[in-house]
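Copied over from Swiss-Prot:
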- Thr235, Ala236, Glu237, Glu289, Ser389: L-serine binding site (BINDING)
- Arg266, Ser267, Glu268, Glu353, Ile354, Ser355, Ser356: ATP binding site (BINDING)
Amino acid sequence: MLDPKFLRNDIEQTALRLASRGYTLDVELLNQLEEKRKILQITTETLQAERNSRSKEVGQAAKRGEDITPLRTEMGLLGERLDSAKEDFALLAEQIKSLAYSMPNLPHESAPLGKDESENVEILKWGEPKKFDFEVKDHVDLGEALDGLDFKSAVKISGSRFIVMRGKIAKLHRALAQYMLDLHTDHHGYTEMYVPYLVNADSLYGTGQLPKFGDDLFNTKPATEEGIGMSLIPTAEVPLTNMSRDMIYDESDLPLKLTAHTPCFRSEAGSYGRDTRGLIRQHQFDKVEMVQFVHPEKSFEALEELTGHAEQVLKNLQLPYRKVVLCTGDMGFGATKTYDLEVWLPAQDQYREISSCSNIGDFQARRLQARFRPTGAKKPELLHTLNGSGLAVGRTLVAVLENYQLEDGSIEIPQVLQQYMGGLTHIG
């Protein structure tokens, strides 16, 4: 949620910054609502003061033995007017809050201007894509030939965009997740967490999935007037970030770094017809997520660090990748700046996203009331949150299968994973 001060004191500049990411701010409506808010606030405060004054007069008149019936009647009328004004104020505040919840975060000045992904800016490339002296196969053909990827059974059990893995491919998938967790906890300073896969609506509002992305969620019951019930997590960002909800940390506690390996569940409502083959876009997929809670002055430094942690996984797996900074029109709803890491997939002859690392600033913290108390200060301040994939496990499996394939269809196991595979060096 945006700082209300931006909407009250600098609405024109805020509108321009939001326009750079394709969002049209209704300045006229907001100005009208703000004017109503000011009037209602003054009315409420005036009526409250009058009621307090009349209450004193009643007490004084009673002491003098006077008839206080007229004063009590007047107080009753004031009370009714005050209750009505408070109700109007609450309804208006809810309307303003609803609008605020629909607004994306303000892009940072270092994010390049642009309309869509075609205007993202490449920062670097790492590693050289391998040149094969045979016709490369994609991960679907490789996995099915090794009896490790079973899409037919998944369709029978659940439908499209699901997968059944078996044998050594399933073990390789598990090994990737274990390796990522070990790297982040043993070398990058993260605390491993086990979190719920079902979350409530408050958690989803807190991290920004609601109200905008409700259609992308799997819910345990249909939406009702009372709410949507519980939802399967679209990413571990939701439960991990909600660890900070209504918390006040000491400054010395920061930064806090959390990581978790979870399945993620997405309806992919807006992805009809895209990536229908293979593991690239699934309703259920595994991901190792990284989340940080940091001092506001250090969040952009933390973004570079967190992105580097995701990059290290790719480097250690010897997977060629490129790093891009997203333009304003392609950033996620809550991000103020985002880096994407894209891994090389030989069968597609292109780089594909495997990690997205974002500085959210105080956007989530304001919704969550996630705060810290600066050393020597009495008043707590909002902290900054960051998140990133470290990495998407299924897409990493795709990259390993395709980049480490041999001419006979077998798969060489990356050296750093062999200890997780019982010393196995090849599959097939």
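Using the three backbone atoms N, Cα and C, a Cβ is placed for every residue, glycine included.
Given the structure is predicted, the values throughout are model-derived calculations rather than measurements.
According to DSSP, Glu237 (L-serine binding site) sits within a helical segment. The two recorded residues, Ser356 (ATP binding site) and Thr235 (L-serine binding site), show a Cα separation of 12 Å. Other Cβ atoms within 10 Å of the Cβ of Arg266 (ATP binding site) number 20 in total over all chains. For Ser389 (L-serine binding site), the nearest neighbour among the binding-site residues Arg266, Ile354, Ser355, judged by Cα separation, is Ser355.
Taken residue by residue with DSSP, Ser267 (ATP binding site) is part of neither helix nor strand, so it is coil. Across the fold, the C-alpha of Ser355 (ATP binding site) and the C-alpha of Ala236 (L-serine binding site) stand 14 Å from each other. Between the listed binding-site residues, namely Ser267, Ser355, Ser356, Ser389, the fewest other CB atoms within 10 angstroms of a CB are found at Ser267. Within the set Arg266, Ser267, Glu268, Glu353, Ile354, Ser355, Ser356 that the record links to ATP, no two Cα atoms are more than 19 Å apart, and one pair reaches that distance.
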